[in-house]
Structure formats: structure tokens, C-alpha cells
Amino acid sequence: MKIERIELQQLHMPLRFRFETSFGYTTIKELILVSVYGEGEVGHAESVAMSAPYYSEETTGTAWHMMEKFMIPKLFSSEIETPEDVDRLFAPIRRNNMAKAALEGAIWDLYSKQKGISLAKALGGEKAVIDVGISIGIEPTVDQVLAKVERHLSEGYKKIKVKIKPGFDVEVIRAIRERFGEGVPLMADANSAYTMEHLDVMKELDQYGLMMIEQPLAHDDIIDHAKLQRELSTPICLDESIHNVDDARKAIELGSCGIINIKVGRVGGLTESKRIHDLCQAHGIPVWCGGMIESGVGRAHNIAITSLPNFTIPGDTAASSRYWEEDIVENGVELMAPGQLAVPDSPGIGYTLNQKAIGNYVIRTENFRP
Ligand SMILES: O=C(O)CCC(=O)C1=CC=C[C@@H](O)[C@@H]1C(=O)O
Ligand SMILES: [Mg+2]
């Protein structure tokens, strides 16, 4: 694969609503749109790093710096035959996974287009349709969470994730169960807001038949999560703690979790996502695709990876129109049926960029050539 040009565009996309988690809130999503040009085709992906280092250590600024100063020069000075070569090329660079994933994902899209196959097929996925869920942030009141749950259940979403934090947890979960019953596929995401001191709260949550409790403890822990998992019947799902397939192997060996949330950006790309998927499949650990409030480009990548067979739990890949007045892909990523998205079978990610929308959001563009 001959790479002729790489374009980085920093976009600021205003959200339709304020999205709050235990570590803060977002009203404007920053992202870096990466476009890799070669042999008449162009591949696209996005860096999901956020504007501040509160989900992980990466930010838009660190991702741009790492791509510009280290990763793009490596790509221009190396032979890339397949996207897996990118994963090997970037291995000596420590962490900075979201920057790696953005370039690697764009090259996966470019590769798929050059081969004339969908990204899903290039990854080995066979699903034509995926079930999806939705992630609801922390709201000022429980009633406001209930109103969002009601709306999104009416849209058919197959999993309802609510954010929790100390002081906003048992009450909101109990209210959802009382209002909507035991049948709602419900989970809670704590984003590392708790410690083992909160064991009583975790045991209370354990009585509500949750599908999982996501990342209750420290963002870089698998030891205490194993101790907590032994105390709960509800599966723990790890998100922030899992940066690569070795973390996943160790967490499975220790019994730290029963489910893993795969985020392509967090683990450094689609190749590593496949490795984690395959490892979890071999150990009977179901996975699902987490979200990072992506534009339609990132959503398209999430749809493609979710087409793999062990993605058996609906992911956080909700429709574009939930987040954006205008997405940066034509027509946005929209439900084809209640709680379901189609897996594109056209070459690559299967979505065309909306250049007018990009022009409205872009605040910085740079092109790099060998
Ligand atoms: O993209 C979506 O709709 C899901 C967003 C979401 O739940 C998250 C995004 C980024 C960090 C966290 O706040 C949270 C998560 O941990 O999954
Ligand atoms: Mg999470």
C-alpha cells in the first residue's frame, strides 16, 4: 500500500445535549478526522481522544502531536502491505493508543476500499445487522434520567446504560426498575468513581438484576476488581482498565470481570480489538463495543468491529441524530429498525463524508506527505 498523503483535521462538534459522567461533562466533542490517501482511494478514521485527560491520559492535543511527530513519519518511512503492519510498526511507541488507532483505522478503511470489500468483511465480520444500545449520562434529577430511558426504549434500543457516581446510583437504578420493570436490559457505568470502601453500595446495586456494572473501581486496576467480582453476582465489565490483549488475558485469569467493553481507540486499533475479541471468545467472555461520542466516521468503525461473532451484547453505538444536528457523514448513521443498525456492505466504512458539515466544524487542518 502506497501512502501518498495524510490529512489531519481537528473538529469541534457541538452536542445536542450535555453529556455528563462521573469525571465531568462534554458539550462540544473534539475529534481528529484522519484521512489517508493512496492509489486513488482514501481511508478515514477518527481519534476519539477527548479535550481533557479525564477518561484516559490522551487528549486531542497529545494525539495530534504523537501522530505528527512520531507515527506519520514512521508510516512514510515504512513498507505497509496490510493494516496489521501498522500495528507492528507502532508497537515500539508506548501507549498513545487513540492516536495509533486513528491512523491504523484509516489505513484499514483504505485497505478495504482498495480491495473492494467492506471494512466489516475485511475484519472477518459476517453480521448484516447489529443490535445497539444507548448510553445515558448523569442528569440533574432522576426524573430526567427516567424521561431519557422512556424515550430511548421507545426507539427500541437493546441495552440501556446509565452513568452512576457516589450519591447518584442506587436511587436511579431503583427508579428505573420500578418504572420500567425487570425486563429492561439495564447496566450501569461508574467510570472508576468508586473504591472498595463502597462495597455496600455495590452490594445494593447487585440486587437489581443489572446486565453488568462497568468499571466501578480505579481506571488502571484489575486486582481490586477481582476481589469485588467475588462479592457480586452481577458481572463486572472492564473498560478503562483494558488497553490491550495482555490486559484482557490478565483480567480473565484473575477473574476481574465477566464482560469486556472493547473501544477501538482505547486499545490502539482494529487489529488489537480483533485480538481481544478472539481471546474473549476462547474464554467464554462476551464483548460489546463501547462508544466515545464519535462522529459518524467513528460510528462506522464501531459498526464494522461489532460485526464479529463474539460481540454478543449490544454496544453503545446509538444513532448520529441523538448527538449531532448534522453529522460529518452523509445522512448520518441512523437506525434501520428499532435498536438496530445495518452493517454496510459497500467498500470500506460504507459512509461518504459530508464535506459541508466538516467545513462547519473544522478548526485546524494539516496535510503531510512523504
Ligand atoms: O458514545 C456514546 O454514546 C457512549 C459514551 C460513553 O458512555 C462514554 C464515553 C466516554 C467516556 C465515558 O464517559 C463513557 C464510557 O466510559 O463508556
Ligand atoms: Mg465506560
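Every residue, even glycine, has its Cβ placed from backbone N, Cα and C.
Per TrEMBL, domain 'Mandelate racemase/muconate lactonizing enzyme C-terminal' is recorded for 142-235.
Mapped onto three states, the DSSP output places K163 (active site, proton donor) in strand. Taken from TrEMBL, the feature active site, proton donor covers K163.
Taken from TrEMBL, the feature Mg(2+) binding site covers D189, E214, D239. Counted within 10 Å of its Cβ, the other Cβ atoms near D189 (Mg(2+) binding site) come to 26, all protein chains included. The secondary structure of D189 (Mg(2+) binding site), as reduced to three states from DSSP, is extended strand.
Residues or ranges marked as active site, proton acceptor in TrEMBL: K263. In the three-state DSSP scheme, K263 (active site, proton acceptor) falls into the coil class. Around K263 (active site, proton acceptor), taking its Cβ as the centre, 26 other Cβ atoms fall within 10 Å, counting all chains.
Ranking the recorded positions D189, E214, D239, K263 by Cα distance from K163 (active site, proton donor) puts D189 first. Other residues of the chain with a Cβ within 8 Å of the Cβ centroid of D189, E214, D239, the Mg(2+) site, are K161, M187, A188, A190, N191, M212, I213, Q215, C237, L238, E240, N261, G290. For ligand 1, the nearby recorded positions are D239; that is, of K163, E214, D239, K263, these have a C-beta under 6 Å from one of its atoms.
In this structure the C-alpha atoms belonging to D189 (Mg(2+) binding site) and K263 (active site, proton acceptor) are separated by 14 Å. The most crowded of the binding-site residues listed here (E214, D239) is E214, judged by how many other CB atoms sit within 10 Å of its own CB.
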